[in-house]
Amino acid sequence: MASAAVGPPPPEQSPEQPAPLPSVIDTLGEEIVRIISPVSICMLLVVLLTAVLSDPSDSSSSSSFSSVLSFSDPSGGSSAASWTEKLGGALIDSLIFVVVITVVTFLLVLLFYLRWTAFLRYYMGFSSFLVLVFMGGELSALLLRRFDLPLDCATFALLLFNFAAVGAVAVLAGRGVVPILLTQGYLVVIGVLVAFWFTMLPEWTTWALLIAMALYDLAAVLLPVGPLRLLVELAISRDEEIPALVYEARPVVDHHQDDAGGDGRRLWRHRRDPEGGDPDSSLLLSPETMDDTESPGSTLRTPLIASPLQRMGSEDLDGIGLGSSGAIKLGLGDFIFYSVLVGRAAMYDFTTVYACYLAIIAGLGATLLLLAFFRRALPALPISIALGVVFYLLTRFLLEEFLVQCSVNLVMF
C-alpha cells in the first residue's frame, strides 16, 4: 500500500481578537482641550479688552453701567466709603442678582414643562440679538474711539445689524442648520461681551457676585429642588435637548467606528432601581454605540474613566443623547463668570491674571475628574471660582510683596 506524504499539521486558527479599546490617554487630552480652548479664548479676549479700555482715572463708563446692574451701592462709587458700607452694598447687590436669576430659571423650568420649547428658542435668539446690538455696539464704539478709527454712522449701523442678525440666526437655528463653528464663535462672542461689561461693576460687588453665583450654581445643581437639576431631569424624562445658551464642543471621534459600522455617541444615563423603583438622582455619562451588534472594539471609552462601563439592558437605563453627536456641553454662564474673574484681575496686575487663569483651568479639570468619579451632574463654577478667588488674594497680597522685595534686593546687590 503506497504511503502518502504527510506534511506538518496546519496551524490552528486563533480566534480573531477584537481591536483594543483606546486608552484614556488617547481621548483625555482631546476631551479637555475641546473644553479649555473656548474658555481660554473667552478669558483672553476679556483680559485684552479690559487692558485696552479700562481707565482707572475715568469712572464715567463704570458708573453708568453700575447704575443698571448695581442695585444698591451705598458708597456711590466713592473710595472714601468704609469697607463695611462697601461690603453691605455688595452683599445686597449679589443677593438681588441671585434672586432674579433663581426666579428666571424656575420660570424657564415651568415653560419647558409646559412644552413651550419653541418660545424659549425664539427668546434665546432674541436675547442674543439684543446683546450683540447693544453691548456689542457700545463696545465697538469704545474701540473705534480708543484707536481713533473713522467710520460713518450708516456703515456702522449696517455692519452691526448684519453681525447681530447672523448671530441670532446661529443661536436660534442651532447645530445642523448652520456650521457648528459659527455657532461656537458667536457664543464665545456673547460671553466676551457680557463678561466685559460685568467687569465694570464696583470691585466689591464683582467679588461678592462671583462667590454668590458659585454658591447658587452649587445649590441649583445638587439640591433635589434645584432649578437646574429639575430642568436636566425633565429633559431626561422627555429625551429632549434643553433650550439654553450652551457651548457644544465637537465629540471625540470613535477610532473604531469605521470597523464596526456603528454610530457611536455618549449618552447621559439615568440609573434606575433594579427592582423597578423610582429613578436614582445620579447622572452618568455613558458611552455606547447605537448599534446592538457592534463588536467590543467599537465601544467608546468614557472620558476620564479608566475602565469601560459594561452595557446594561434597556430595562435598566433610560438616557438622552448629549446632543446627537455626543458632544460635551458647557453653559455660557460658566464662560462669563470665569472671564469676569480674570478681567477683574487684569485691572490690577497681569501676575494675578496668570494665577487666576491657572486656578480656573485647574478647577475645571478637577470638576471633570469629580464628574467621572461621582457619575452625576456637577456644577462647573464652585471649584474654579473658589480657586480663582484664593489665588487672586494670595497673589495680590503675598506674591506681589515677595516679588517686590526680591526686586529691591537684586537692585541693591
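Any Cβ shown, glycine's included, is placed from N, Cα and C.
As recorded in TrEMBL, the features of this protein are as follows:
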{"type": "COMPBIAS", "residues": "7-21", "note": "compositional bias 'Pro residues'"}
{"type": "COMPBIAS", "residues": "256-266", "note": "compositional bias 'Basic and acidic residues'"}
{"type": "REGION", "residues": "1-21", "note": "region 'Disordered'"}
{"type": "REGION", "residues": "256-302", "note": "region 'Disordered'"}
{"type": "TRANSMEM", "residues": "32-53", "note": "transmembrane segment"}
{"type": "TRANSMEM", "residues": "95-116", "note": "transmembrane segment"}
{"type": "TRANSMEM", "residues": "122-144", "note": "transmembrane segment"}
{"type": "TRANSMEM", "residues": "156-174", "note": "transmembrane segment"}
{"type": "TRANSMEM", "residues": "180-200", "note": "transmembrane segment"}
{"type": "TRANSMEM", "residues": "207-225", "note": "transmembrane segment"}
{"type": "TRANSMEM", "residues": "320-341", "note": "transmembrane segment"}
{"type": "TRANSMEM", "residues": "353-374", "note": "transmembrane segment"}
{"type": "TRANSMEM", "residues": "380-399", "note": "transmembrane segment"}
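In this chain, the transmembrane segment (180-200) touches the transmembrane segment (32-53); three or more CB pairs sit within less than 8 A of each other, excluding pairs fewer than 6 residues apart. Beyond the ends of the transmembrane segment (95-116), by six or more residues, the same chain brings 69, 71-72, 209, 212-213, 216, 220, 227-228, 230-231, 234-235, 242-244 to within a C-beta distance below 8 angstroms of the stretch. Only sequence-distant pairs (6 or more apart) were considered; of these, at least three Cβ pairs between the transmembrane segment (207-225) and the transmembrane segment (380-399) are under 8 A, so the stretches are in contact.
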